[in-house]
Amino acid sequence: MGTREIKSPESLPVTPASFDGIPDSSSHRKRLGAYFIESDNRRMAMGRGYTGGTTPVNVHGKPIADLSKTGGWIAAIFIFGNEMAERMAYFGLSVNMVAFMFYVMHKPFSSSSNAVNNFLGISQASSVLGGFLADAYLGRYWTIAIFTTIYLGGLTGITLCATMHIFVPNQEECDQISLLLGKCEPAKSWQMVYLYTVLYITGFGAAGIRPCVSSFGADQFDETSKDYKTHLDRFFNFFYLSVTIGAIVAFTLVVYIQMKHGWGSAFGSLAIAMGISNMLFFVGTPLYRHRLPGGSPLTRVAEVLVAAFRKRNASFSSSEYIGLYEVPGKRSAIKGSKKIAHTDDFRCLDKAALQLKEDGAYPSPWRLCTVTQVEEVKILIKLIPIPACTIMLSVILTEFLTLSVQQAYTLNTHIGRLKLPVTCMPVFPGLSIFLILSLYYSIFVPMSRRITGHPHGASQLQRVGIGLAVSIISVAWAGVFERYRRNYAVEHGFKVSFLTPMPNLSAFWLLIQYCLIGIAEVFCIVGLLEFLYEESPDAMKSIGSAYAALAGGLGCFVASILNTIIKSTTENAEKMQPSWLSQNVNTGRFDYLYWLLTVLSMINFCVFLYYARKYEYRSQQRIETTTTIMENKQNTPINGS
């Protein structure tokens, strides 16, 4: 890689002195930032042009001759289909697997829900691995192609488990009373090992799909177009709409298939849907625009940290100081990335780009990094608090998916003469999401635009904040209703019969919390995905998108850990006191858990507000830097005058 030293910025205007005689550091930093933006505008030797680091290529890595024949909404439709099938399988397993483990594998509700929570957590938290492989080596297309095949293999294994009698315990003489008393034959150890293995293989397959699909879809739009922001905003809304459609199908059609044709047919339908979506994804290959992988992002992060540590004692005022290091020209040294302007955040990391005379003409990347490489690490660090604050939303969603099913078993699910299966209840958040996304541009955007003045109704962080606020209302209502439901069960003699529906108490009271959490998802998750895609470095888009999935996975793990702690601390066998999360929901205290989540969510919301107010969008930083450049040019003396 051809590089040259960046000249020392001594030729810039003299920095104004502060009151104590020390040069004003903030002014000095701004001039450093301005200098390296200007150095970014140089052309290559012999006046040749250059291809930007983010120029789209075809599947073979060659530049696309005619961009009008690729990308856009047509290519995005094939990507939507893949995500729809993945979400259909994900939600189909999440809502049916708890019941499958209880009724077929004869595992208690508590251990079944924890096992499913762990599956959900692994499938999301391991998305960092998928994002790393996509950004570093494979690219988003091939990462999706490989992991979607793994996903299909896992679903096939689950279908075999539900179809072949050898993989399940004996079902004879196992009625509802035997299930309640735990008298049914338990699953053998090897049977559970097989089920967990294929379940986690499925989760591992999702790890490569989830961080790449949204980013790969967004890659199909031309960022130089004047309508790019509008297309991107609509893409992420339609992307989440495809997620919602997949969830609705899982909560309705798949549940219907399970009731009419059994567990094998239900899980088999998920495998068939995934197989069809895989074929459609490959059919769309000639239409896709690709981004070149930029090499190992973790290696680049490690190089910055090591170089900054090695030069921790070096000084910007040293006589050995040359400048902050960057390669010349428009191109970045990182494949698939444009240059990033220098910022004043995390100044300790700037030591990694601190070029000294002793570094020589060809420095080791473990001793000297480019400004762009350092800024990549800064961006990744600055992004962390925002998705971290969405972990609580994921905790609430996870608890609703598992615990509300137990609540629904005690309630009347009839609509007139039609009786809805309990496992269909989670479809209502999906329906509310579908309705909100359908009306989003016709109702919410015009109304909110009048208040905020924002062209899209609300900024990305504002949408995340709205979602977190609505999730607090949702879980608070869940606590209120659960207290009423439990008291009703005790007063009307249903304390012991926790699988017997109470005819005069409708399950549709649960719709309030379901619909509220659906609204929270729309604003929070869609805003977060768009925020992470736009703010992430060019060569780390998949890693940035993986932040959202990682937060979701951590939420599942937090839910499992929280459930385990509550069960162990609130249960007292000597006093015959059941835990809050007793298998008998009528003797447990789910309402206490929901109120605990309400308090934690309020604290989390305050933390989010703090970091959201501090965060500065990269587009704003570019505007400020450009303003600084113009000011410096106006103030620079000409010919020494």
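Every residue gets a Cβ built from N, Cα and C, even glycine.
These features come from TrEMBL:
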REGION    1-26  region 'Disordered'
TRANSMEM  88-106  transmembrane segment
TRANSMEM  118-138  transmembrane segment
TRANSMEM  145-168  transmembrane segment
TRANSMEM  193-213  transmembrane segment
TRANSMEM  234-257  transmembrane segment
TRANSMEM  263-283  transmembrane segment
TRANSMEM  383-405  transmembrane segment
TRANSMEM  425-443  transmembrane segment
TRANSMEM  464-481  transmembrane segment
TRANSMEM  507-533  transmembrane segment
TRANSMEM  545-566  transmembrane segment
TRANSMEM  592-612  transmembrane segment
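Long-range contacts of the transmembrane segment (592-612) within the same chain: residues 385-386, 389, 391-393, 395-396, 399, 403, 461, 464-465, 468-469, 471-472, 475-476, 478-479, 482, 562, 566, 580-581, each at least 6 residues beyond the stretch ends and with a Cβ under 8 Å from a Cβ of the stretch. A contact links the transmembrane segment (383-405) to the transmembrane segment (425-443), because at least 3 Cβ pairs that are 6 or more residues apart lie under 8 A. Contacts between the transmembrane segment (193-213) and the transmembrane segment (507-533): absent, as fewer than 3 C-beta pairs lie under 8 angstroms at sequence separation of six or more. Between the transmembrane segment (88-106) and the stretches 118-138, 263-283, 425-443, 507-533, the greatest number of Cβ pairs separated by less than 8 Å involves 263-283.
Comparison of 118-138, 425-443, 545-566 by number of C-beta pairs under 8 angstroms to the transmembrane segment (507-533) places 425-443 first. Long-range neighbours of the transmembrane segment (118-138) within the same chain, counting only residues 6 or more positions beyond its ends whose Cβ lies under 8 Å from a Cβ of the stretch, are 90, 93-94, 97, 146-147, 199-200, 202-204, 206-212, 215, 293-299, 398, 539-546, 549-550, 552-557, 560.
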